[in-house]
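Heads up, the thing below is written out as structure tokens.
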Amino acid sequence: MSRKYFGTDGIRGRVGEFPITPDFVLKLGWAVGMAFRRQGNCRVLIGKDTRSSGYMFESAFEAGLSASGADTLLLGPMPTPGIAYLTRTFHAEAGVVISASHNPHDDNGIKFFSGQGTKLPDDVELMIEELLDAPMTVVESARLGKVSRINDAAGRYIEFCKSSVPTSTDFNGLKVVLDCANGATYKIAPSVFRELGAEVTVLAASPNGLNINDKCGSTHLDGLQAAVVEHHADLGIAFDGDGDRVMMVDHTGAVVDGDELLFLIARDLQESGRLQGGVVGTLMSNLGLELALQELHIPFVRAKVGDRYVMAELLARNWMLGGENSGHIVCCQNTTTGDAIIAALQVLMALKHRGQTLAEARQGIRKCPQVLINVRFKGENDPLEHPSVKEASVRVTEQMGGRGRVLLRKSGTEPLVRVMVEGDEEASVRAHAEQLAKIVSEVCA
């Protein structure tokens, strides 16, 4: 059964446009409360990023929960993985994240964690969707849900992040620039790295409700690259708006993406005898990652794009490490979802163990040229099912003669078709990608 409201990572869209409206979010809160109250008493945690609309949707969702009889614990601004962690530690039935991740401020969304801190199973999402289409009822006044605030939520999560590295860890002498995307990590990330001894320069840590991800964060690295060089820093770390993606910059200003970071962590875990199984990537993972892991005899498999699918594959195989080139990295030995701060700490530990700079350590992986072009589309028709697009994809694949990959996929969070071509020669890869993107664009017009 297909899902009506849920995408690959909750429900997301433009603020004020269905379903990202106060009335829908109130009904959603009620539906979530009703779904989890079927199992008995229900407590739900709510956290959010720094968008101005987050306050409106927090109030609406909280009202819906109360109407269902479920209790609410408010966390305030908190990285997505922090909400997953606190949902587990407070033994809540569910955690709610009000965020649109790396999207601009005029988007927002709602995503969920189970009581174990993992993404909701499909059957629970379908139950919530059924309730959304049912008439809303309100419990009697004596049974309305209560609301309270967890005042030390940030401190708890800071200590959890620090506990992901050995207690003897000291980054004294390490100069780091952090780009907090004016998002949910703006207070927490600087505290974590400073308390572990690093010398920290902070960018984009003054959220005003409208500047989240605005020319900053993991999808806009220009400012971080310049700052690392200007401050003669050892490296730079960029988070996205809700703190579940991380990208890094070496001391020369060169970008180190999620595939490279995943390799550095995997190699360190293997060298220290801590790697369990192999590594899970996605269909978008660079071929160079697969080849580099192959050289180390580390198994590698690809999941569908989306950290929920990476996590599902990890659980199915009982492996501990996976991620995406966008910077979602899941370290199951520490957490149950992509955690940007913890992933960054694991990379710093890998550098410390080898006594290398980030620029030196990344030489262990040679990425294949890869070009990704996003094509926006409207309407209900699936452009990937159009004969012209299918024929072009087959033709380009044949032209590459087995020396590359073509991947066309729709984004699970935005109305985009992602055109990805990968091969051994950059000019031909770019030409093939532009050729495919042009055909997809014509079909979408």
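A Cβ is built for glycine as well, from the same backbone N, Cα and C atoms used for every other residue.
According to Swiss-Prot, the protein has these features:
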type: ACT_SITE; residues: Ser101; note: active site, phosphoserine intermediate
type: BINDING; residues: Ser101, Asp240, Asp242, Asp244; note: Mg(2+) binding site
type: MOD_RES; residues: Ser101; note: phosphoserine
Which residues does Asp244 (Mg(2+) binding site) neighbour through Cβ under 8 Å, counting only same-chain ones at least six apart? Pro79, Thr80, Pro81, Ser101, Asp307, His328, Thr337, Gly338, Asp339, Ala340
Within 8 Å of the Cβ centroid of Ser101, Asp240, Asp242, Asp244, the other same-chain residues by Cβ around the recorded Mg(2+) site are Asp49, Pro79, Thr80, Ser99, His102, Gly183, Ala184, Phe239, Gly241, Gly243, Arg245, Ala340
Do any residues at least six apart in sequence from Asp242 (Mg(2+) binding site), in the same chain, have a Cβ closer than 8 Å to its Cβ, and if so which, in order? Asp49, Pro79, Thr80, Val97, Ser99, Ser101, His102, Gly183, Ala184
Taking 10 A as the limit, how many CB atoms besides its own sit near the CB of the residue listed as 'active site, phosphoserine intermediate'? 31
Once the chains shown are all counted, how many other Cβ atoms turn up within 10 Å of the Cβ of Asp240 (Mg(2+) binding site)? 34
